[in-house]
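Peer 1: Take this structure, written in structure tokens, and hold onto it; I'll ask about it next.
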Amino acid sequence: MAKMEVKTSLLDYMIGVGDMVLLEPLNEDSFINNLKKRFDHNEVYTYIGSVVISINPYRPLPIYTPEKVEEYRNRNFYELSPHIFALSDEAYRSLRDQDKDQCILITGESGAGKTEASKFVMSYVAAVCGKGAEVNQVKEQLLQSNPVLEAFGNAKTVRNDNSSRFGKYMDIEFDFKGDPLGGVISNYLLEKSRVVKQPRGERNFHIFYQILSGASEDFLCKLKLERDFSRYNYLGLDSAKVNGVDDAANFRTVRNAMQIVGFMDHETQSVFEVVAAVLKLGNIEFKPESRVNGLDESKIKDKNELKEICELTGIDQSVLERAFSFRTVEAKQEKVSTTLNVAQAYYARDALAKNLYSRLFSWLVTRINESIKAQTKVRKKVMGVLDIYGFEIFENADNSFEQFIINYCNEKLQQIFIELTLKEEQEEYIREGIEWTHIEYFNNAIICDLIENNQTGILAMLDEECLRPGTVTDDTFLEKLNQVCATHQHFESRMSKCSRFLNDTTLPHSCFRIQHYAGKVMYQVEGFVDKNNDLLYRDLSQAMWKASHSLIKALFPEGNPAKINLKRPPTAGSQFKASVATLMKNLQTKNPNYIRCIKPNDKKAAHIFNDALVCHQIRYLGLLENVRVRRAGYAFRQAYEPCLERYKMLCKQTWPHWRGPARAGVEVLFNELEIPEEEFSFGRSKIFIRNPRTLFKLEDLRKQRLEDLATLIEKIYRGWKCRTHFLLMKKSQIVIAAWFRRYAQQKKYQKIRSSAVIIQSYIRGWKARKLLRELKHQKRCNEAATIIAAYWHGTQARRELKRLKEEARRKHAVAVIWAYWLGLKVRREYRKFFRANAGRKIYEFTLQRLMQKYFLEMKNKMPSLSPIDKNWPARPYLFLDSTHKELKRIFHLWRCKKYRDQFTDQQKLIYEEKLEASELFKDKKALYPASVGQPFQGAYLEISKNPKYKKLKDAVDEKIIIAEVVNKINRANGKATSRIFLLTKNNVLLADQKSGNIKSEVPLGDVTKVSMSSQNDGFFAVHLKEGSGAASKGDFLFSSDHLIEMATKLYRTTLSQTKQKLNIEISDEFLVQFRQDKVCVKFIQGSQKNGNIPTCKRKNNRLLEVAVP
Ligand SMILES: Nc1ncnc2c1ncn2[C@@H]1O[C@H](COP(=O)(O)OP(=O)(O)O)[C@@H](O)[C@H]1O
Ligand SMILES: [Mg+2]
């Protein structure tokens, strides 16, 4: 990520104050409130100058991501909000760039987050330092040493599920480029008593549980272990399982880490064998056995466990058994063996277990060191990380030797802290050339002296007591303390000679109290001597040395009889004092960086901030002291450049740019702001501000000024924006106007132009019309002249014509008159020669001439020869009228004859019949005209061809004239029945239409009359002679479509046969004889129900009505 150009500062967006040095007013309440406020806003880090206060959030926060690492990388310490990464970065960079060895001191109560903090520091450094395969392997080994040490050195306590039970200092070594080379780990005072006994609610070291949970069955079998926790006396049962901790998985992690760190397989195996041996040691139990000398001797109850331990460790069982029963004391070349009673045996067993485990732990550290140590001999830069137990104060005088030692360590750390801080402060002042003023602060050297003084110190006296011959108890030790330290200001005891506390009931008799820099702590003296002695019977160490197990053998070098050392081993106290001294020396050579961890509550819970608890920690961590020391001189300092950069806007000369050295700029700035001179000092590269108030004032002014600047910028920006906008609009307006004018001008021009054209056209038109008018006038004039001339010529001509006509008439008249005169003269002369018959001859001649002309014309005008052609030329002369008519008649007759002459005999017969019909019915029967066009066929029914009528045909031998189907009207009801009507030469026959059977036969002689109406119907009655054979049933009434033909043929046949004319009566009312009755058949013209078909209806006895259309 590109480094941001904008410089930020810790002072930006600050919640509370990010640096306690700036706290106003400074007191415990404001201090806690500030922490609380920040804690509530997830700000778990706060500075005191360059010290980081860290409050355990007890929940994962998203502030350790790789992005965050990048954010803090290469940034100024005060540039971003407080963070452990800022401190790590500062430390790493001054190590790399300024060649200063660094140490990071992490202190705080158990569970305050020290170990986590140390891991964050290490991971940050690992993330930002060099990269490459080799470097990465080193990094990995350094980081992986943590899980191994945590498995063996951490345990669940009531305060922390992963509490480190040892102090750890790790030097990480870098080359000149800042790439890691390796490391060295030192460990301090493992809490080994935990191996054999754990307080309620706590566990033994993690590794025991991890093996039992995580090892395979096979592996367990090899270690002669069983998976069940309850099988082992050393494993407190109350909290074998820890919530959220997967022991089995952790076991795999540990083994993996061991592999990465570089443990060989057999080494790992040995380590676990030792762990198993320790675990099994706890199961060895003793029973008392009375000896002859009356003393009790302990005996091992069940030797099975012992046997397995011996198999596991390769120790001779009898040797170990003996070591649990006897104790050999060597003095002045004499060996005295005493038996152990049961209590002593248990003591020996536990001592062995504790020693075995703590030595194993130390061996592990050494082994890890071997792996991670730098491979080169080049000069190294070192960064030390100290994760050490913080001040421990138990209530109710539960503090014991361990707490004493731990608190001593913290006391030393506080001292070095004060010393280093002051030293650094002082160095800075000198470096910056600022006058050093004395700073008042509490120096805890006096307390350290109380503890560590070689003659009168508590530790020295404890050692003295331990080494003293004779009976030594904790009480004798306390007595001694009472004597020696009675007058010490920070020592309190009831029994001291000084009676200050004689009546202090809060102080029990078996206790002493030390006023540590962080508060008073009451120590219970019980166990001090034993723990300081940390005695392991020589028989046991020798037994261990004799083991064939190489690791165990190596852990107990003092068991080697060849190297018998009669001197007592150093006491725990003196060992610790020595190691602390070395540590202090080591730290003093380095540039210190502090992380002070604070626990916000006792419940390991997130979001809870217990004021009292925090207050307590602030006190014993001496944080207020810390602030005071820091503020003793100048509360705030800053290099000139960032300072000028930050505040330059407060002064006209420095804003916006200061050309010149930054220091001069700051001077101008501070003078301008009229900051009292005692409030600040100019160092070489930094400005020192005495009082936070001044800084805050600057900050306030800056904030105010920034707001003003923002307004100014806004104002200028708005102005600029408006101006540009206006200019743009103006420019646009000009463009628009130009375009508009152009457009308007174009319009105007076009208008003018079109007007001009119109005017022009009008003028031209007018001119043309004028010309036209003139031309027309001229033309008219010409025409008029012509007309006038014409008229004139006409008049002249007409006059001339008139005159000529007149002349001609006169000449004609003269001629006529002359002729008449001549005629008259001739007639007068010849009258006597033309007198008689002249008139008659002229008349005849004329008549003949006319007749001749008439006939000649007629010849040409003759009409066609068709008899029906009615044309005839018109008569030319009236006197020929009768001639003309006669001629027409003759011509018609002639052409008819011509026409007839063409006929065959058959045709002639037909026409005869037609003629007959015409004579009979023309103008009598309305049906007639329709029949004229119909040829008379006679045999409509072809009887001879229809086999149905064979019988009928056979019966009739004569020629058939008519064969036709007629309707015979029923006399009774007027209904029609179909009958075949046959007419032969002699008879009329009626036959059934279907069968052909002859129904009646009437000789023609018996037919008297045929009646029919004058209407357009086919009804006819055939009247029979009265008394004849056929007439018995009465007359026949028929209807036929061929009435005219039938009647005609009946008439002609009767005439030719009987030589009598058949009477045909045409009347609309006639009588018919039906049997005896005479019935009147009446034809009525009127509406018909069934269209045009005539209907017949018998009305009564006398009347049959036929309705015709
Ligand atoms: N910065 C942190 N963020 C989140 N959890 C933390 C942090 N520091 C500590 N803790 C929690 O608090 C527990 C105790 O921390 P630890 O470092 O082991 O304490 P100490 O070493 O001081 O005894 C850790 O197991 C972890 O759950
Ligand atoms: Mg820890």
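Positions of Cβ are set from backbone N, Cα and C atoms, glycine also.
TrEMBL: automatically predicted annotations, no manual curation.
These figures come from a predicted structure and were not determined experimentally.
Pulled these features from TrEMBL for this protein:
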type: BINDING; residues: GLY108, GLU109, SER110, GLY111, ALA112, GLY113, LYS114, THR115; note: ATP binding site
type: DOMAIN; residues: 15-703; note: domain 'Myosin motor'
type: DOMAIN; residues: 925-1109; note: domain 'TH1'
type: REGION; residues: 580-602; note: region 'Actin-binding'
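Burial and contacts for the listed features, if you can.
Peer 2: In the three-state DSSP scheme, THR115 (ATP binding site) is classed as helix.
A Cβ distance under 8 Å defines the sequence-distant neighbours of the region 'Actin-binding' (580-602), meaning residues of its chain 6+ beyond its ends; these are 35, 39, 50-58, 84, 87, 90-91, 94, 100-109, 111-114, 117, 121, 159, 169, 186, 188, 382, 384, 386, 390, 408-409, 412, 416-417, 419-421, 424, 608-610, 613-614, 617-618, 621, 623, 626.
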Peer 1: Identify which of the binding-site residues GLY108, SER110, THR115 has its Cβ surrounded by the largest number of other Cβ atoms within 10 Å, counting every protein chain shown.
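Peer 2: In terms of Cβ crowding, the pick is GLY108.
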Peer 1: Per-residue pLDDT averaged over the domain 'Myosin motor' (15-703) comes to what?
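Peer 2: Average per-residue pLDDT within the domain 'Myosin motor' (15-703): 88.
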Peer 1: Should GLY108 (ATP binding site) be counted as helix, strand, or coil on the basis of DSSP?
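Peer 2: Strand, per DSSP.
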Peer 1: Does any of GLY108, GLU109, SER110, ALA112, GLY113, LYS114 have a Cβ within less than 6 Å of an atom of ligand 2? These are the binding-site residues; tell me which, or none.
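Peer 2: Once distances to ligand 2 are taken from each Cβ, LYS114 fall under 6 Å.
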Peer 1: Across all protein chains in the structure, which of the binding-site residues GLY111, GLY113 has the highest Cβ count within 10 Å?
Peer 2: GLY113
Peer 1: Using the Cβ centroid of GLY108, GLU109, SER110, GLY111, ALA112, GLY113, LYS114, THR115 as the reference point for the ATP site, which residues of the same chain not in that list have Cβ within 8 Å?
Peer 2: ASN56, ASN160, GLY390, CYS597, LYS599
Peer 1: Who sits close to LYS114 (ATP binding site): which same-chain residues at least 6 apart have their Cβ under 8 Å from its Cβ?
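Peer 2: Listed in sequence order: ILE106, THR107, GLY108, SER164, ASP387, ILE388, GLY390, ILE595, CYS597.
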